[in-house]
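What TrEMBL records for this protein:
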SIGNAL    1-23  signal peptide
DOMAIN    32-96  domain 'Wall-associated receptor kinase galacturonan-binding'
DOMAIN    174-258  domain 'Wall-associated receptor kinase C-terminal'
Amino acid sequence: MMPPPWFISILTMILSLAPKSMSANDENASSCSARIHCGDIQDIGYPFWGLDRPESCGYPGFRLNCNDDNPEITIMSATYRVLHINTSSQLLQVARMDYTESICPTYLLNSSFNSTPFAYNRESTLDIWLFYGCQRLTDVQNNSTSTQGISSQFECTINETNIIGYYLTRNVSETSFDTVIRNTLGSCNYSVSIPVMSSEVPSLEEIGNSDILEEALSLGFELRWSANDSMCKSCEDSGGQCGHDLITAEFTCYCSDGSYPRDCRLTPQ
C-alpha cells in the first residue's frame, strides 16, 4: 500500500534538512584519512592528494605521484622531485627532474609559479640563470673581478647539437660585466631561470663549474604554499578530515555525519 501524501511530504522535508550525501561523506572521511607514503616522504595528508588519496581529499595543484619510490609533483608543466615536505610550516623542497642528472635537458623551460598556490621561500631561495647557445668566452675564468657571478663555460648536446652555456647568479643590472660579456650573454639563443638554495650560491660563484651547478640543482629549493591550511587545522581539531569540494571548489571538512564548511561543530552543508 502506498504511504499517504502527508507522510511523503514530511519524509522529504526531513531528508532535505539532513547533511547532504551522508553516506558519501562517510566514505570521504574514511578515504581522506589515508596518507601518502613514497620513498622518504611518509605520512602526508592534506593539501596533498594522489596514490591512495582521492582528489577530493586535497587541494588543486597538490597531486603527488610516486615513481620508483621518488615522489613527484608537476607545477606549471614542469615536473619536480619532492625532497621534503613540512606541513607545519607549509614548506615544500623540490628539485627540477629535468636538471637533477644533467644541466643539458632536452627542453628548456623556466621555473614559474604564477597563478599557483606556490611561491618561492625568499628566505632560502635565489634565482640563477642558465644561458644556452652562446658565443665562446675565452677569458671568463681569468677575469673574476669583472665577471663575479658568472660560471666557466660548459658544453651541452641538445637535440644532437653541441652548444656552449654559462650560468649567472646575479641580475645583469647588479653586475660589473664588461660590454663584451654583456653582449655575449644577450646574444645567447636561450636563457632559463631556475631557483636554487641561497646557501649554494657562494660555491657557485667561488668555484664556478658545471659539477657545482649540477649539485646545486639536485639539492633543489623551497616553496611556500597556501591552501586553506588554517581551516584544515580547525577541521582536524574537531575530528574531521580536510578536503576540497570538486563541485563548489570550496574547502570541505568531512565528518562522520556529513560535510561541513569549516569543522565538525558547524552547520552541515
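Just so it is clear, glycine is given a Cβ too, placed from its N, Cα and C backbone atoms.
Values in this document were obtained by computation on a predicted structure and should not be read as measured data.
Secondary structure of the domain 'Wall-associated receptor kinase galacturonan-binding' (32-96) per DSSP, as helix, strand and coil residue counts: 3 helix, 35 strand, 27 coil.
Mean pLDDT for the domain 'Wall-associated receptor kinase C-terminal' (174-258) in the predicted structure: 87.
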